[in-house]
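The structure appears right after this line, and notes come after that.
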C-alpha cells in the first residue's frame, strides 16, 4: 500500500470497509459509518497474516453472539471479549475494562458488535499498524474519527498507573496537543505521537511531584515507587527487584555520582528510563556486533565502540546498562544476551532462512540440560552426519577411484605394463572404456557403509570438543585444532577397515585374474581381522592433521563469508567447505600415498613395505620425492567437493530438522531477531485470520504504551 499521502482517520476507516466487508455491501453507508474507496489488492500485500474469509467468520460469529435485534444477531462486549477471545474470564472481572476493549471493534459505539463490525475489526488486526489503530479505537468513544481531550482523559484515568500516580491534565504538555482551551481534537497520526510522548511526560510529572525541594533529586525509594507504578510496563522482575541497588540505595558497591547518598538526580532518572525504552536498539546492536553468536560476552569498551554510529544511545545509558549487567552476575563487567533478556522483557527468537520440516524443543532452558540430553544431542548429530557423509561420498566417488588408481601406480620396477595411466584424466577415460560407467563406482557400497559412521563420528566429535573448548561464545584457535584432530583420530577406528576393503576393490579391476571374481567377502576372508587395520598408523598420520587443518579453516571461512547478521546461506556454506578442503587435502597427501601403498595388495614383482617409515624411505629411493605427492590434484578435487557436499548437507539438515537441545548450534545457521506479535498468535481454532492476533494486540497495547487496564472490580 502506498502511504505517499497522509493516512487520515477517514481513509483508515475506508480501508476497513473494503477489507472487512467486500464489494456490494452498503452497510457502511448508513448511520455513523464513513464510506469510501480503497485499493484492497495493494493492501493485501502489506498484511503479515492472511485475511479470514467472511464465509468462515459468519458461523463463528453466530455461535458466540447472544443478542438479537429484529432478526439480526449481535455480540455484546462480554460475548466478544470473554466468550470469543477468552479474556477476562474471572468472575469478578472489571466491566468497564471489558466494555472499553470491545469498543475497539464497535465502530458505531452503540454498545454492540454487528457481523460487519466483527469482519472490519478482523481486517484492522491484519494491518501493519494494528497496535496503534486498535488503541485509537479505544480512545475514540463517540466514533468521530478524532480524539478530544475529554476522551483521552477518560480512558487514561481508567488505567492502573493513574490509580497510583495522578496526572495534571491542565499541564502545558496537554495544551500543546489539545490547545490552550483543550477544545482541539487530534487525528490518528497526532494521537499516535501523543500516546508515544504521554508516558515520558507522566514520568517527568511524577519526578517533579517527589522532588519537593525542586533541586532535581529524589530518594531511591521514590525512584522505586515511580518506576513500579508509572513505568511498570518497562520492568522485568530482575530490574524491579534491583531498583534500589541500581539507584545507589542498596548494598551494591557500584555507585554513580548521580545516585550517591540514596538520592537519584534527574539526569540519571532520564537516562535510566531512556535505556529501558531503547532496549530493542541495544539488542540489535549486540546481535549485529556478535554476528549472530548469542553466547559472546562484550566488554563496555567493545559496546561503546559498537554504538558509535547510533547517536540515540548515550555513554551514560551504556554505563547504567553495564551496571545492571554486573548485578546479574557480580564480579563480571561484561554484557551477554542473558543480561539483555533480564533487562528487556521481549525475548529473542532464532530464525533460519529455510522453513523447518521439524521444529522440536527438547529442552526449554540451558540449565535443564543433563547427561541424557547431551547424549541425545550427540545421537542427533551422528544421525545427520551419517546421511551427510553418505551424500558426500556418493557425489565424488568416481574422483576417489581415479585418485586411488593413480596413487597405486608404480613408476619403477620390472613389472610389465605397470604404467597404465598417463594422468588422472587418462585414468578416468580408461576406466570408463574398459570397465564401463559402473566401473567408476566399484566399491561404492562399502564406501557408503564406512563413510556414514566415519563422517558422523568425525563431525560429532568435532562438535562435541568444540563445545567443551567454547567459553562465553568464543573458542581459541588451539581449541579448534584439538577439536578437529580429535574428530579425525576417532574416525580411524571406522575408516581403516573400510578404506582397505575399498582400495582392494578399486584396484581389483586393473588386472583381471581368470575365473576369479573379487568381492567384499573375498577381501575380508583374505585379510582377516588384524589385516583390516593394516596401515592404521598411516591413517592416523593422514586423518588427524587433515581434520586439525580442515575444521578450523572451515569455521573461519564461514565467519568471513557470513552476511552482516552472521548468517551463512547454502552458497557460502558450500564455498567455505570447499575452500577449507584445499589446504587440508593437499598438505596431507604424502600420508595418504603411504596409507594407500600399505593397504593395497602388492602383485608379483612389486616392492613390499614394512610400516610407514619403510614405505616412505623406499618411495623416495625408488620413485623420487615427488612420488609422495602423487594424486595431489585428484585428492584435492575429490576431498574438497566431498567435504563441501558433506558439510553443506550436515548443516542444511540441522536447519530443516530442527531440534533445540539448548546447546550450541552451527554458527551462521540462525538469525537472532525479536519476537513479533505473530509469534504470540492464538491457537484457538475459532480465532481465524486477524483474530489470531487479537489477544496479543490487546496485550501489546498494555506493554508497549503502558495502558494497563484493571482486571477486577474494586470494592466500593
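We number each residue from 1, going along the chain as drawn.
Each residue, glycine too, has its Cβ placed from N, Cα and C.
Matching 574-591, 592-609, 610-627, 664-681 against Swiss-Prot, the residues noted as transmembrane segment span 574-591. Of the listed segments 631-650, 691-710, Swiss-Prot assigns transmembrane segment to 631-650.
Swiss-Prot assigns the feature transmembrane segment to one of the listed ranges (515-534, 535-554), namely 535-554. Annotated Ca(2+) 1-binding residues in Swiss-Prot are 106, 108, 110, and among 116, 117 the one listed with them is 117. Listed ranges 485-498, 499-512, 555-568; the one Swiss-Prot annotates as transmembrane segment is 485-498. Checking Swiss-Prot for transmembrane segment across the ranges 423-442, 443-462 points to 443-462. The feature transmembrane segment, as given by Swiss-Prot for the ranges 382-399, 400-417, sits at 382-399. Fewest other C-beta atoms within 10 angstroms, among the binding-site residues 106, 110, are seen around 110. On a Cα basis, residue 110 (Ca(2+) 1 binding site) lies 13 Å away from residue 144 (Ca(2+) 2 binding site). The binding-site residues examined here are 108, 142; by Cβ neighbour count within 10 Å, the least packed of them is 142. Residue 142 (Ca(2+) 2 binding site) sits 8 Å from residue 108 (Ca(2+) 1 binding site), taking the Cα positions as reference. Mean per-residue pLDDT, taken over the repeat 'Solcar 2' (475-560), amounts to 80. Those same-chain residues not listed among 211, 213, 215, 217, 222 yet with C-beta within 8 angstroms of the centroid of the Ca(2+) 3 site C-beta atoms are 210, 212, 214, 216, 218, 219, 263. Between the CA atoms of residue 222 (Ca(2+) 3 binding site) and residue 146 (Ca(2+) 2 binding site) there is a gap of 37 Å. Sequence-distant contacts of the transmembrane segment (485-498) (same chain, six or more residues past either end, CB-CB distance under 8 Å): 446-447, 449-451, 453-455, 457-462, 465, 532-536, 539-540, 543-548, 551.
Take the mean position of the Cβ atoms of 140, 142, 144, 146, 151, the recorded Ca(2+) 2 site; other residues of that chain with a Cβ within 8 Å of it are 139, 141, 143, 145, 147, 148, 185.
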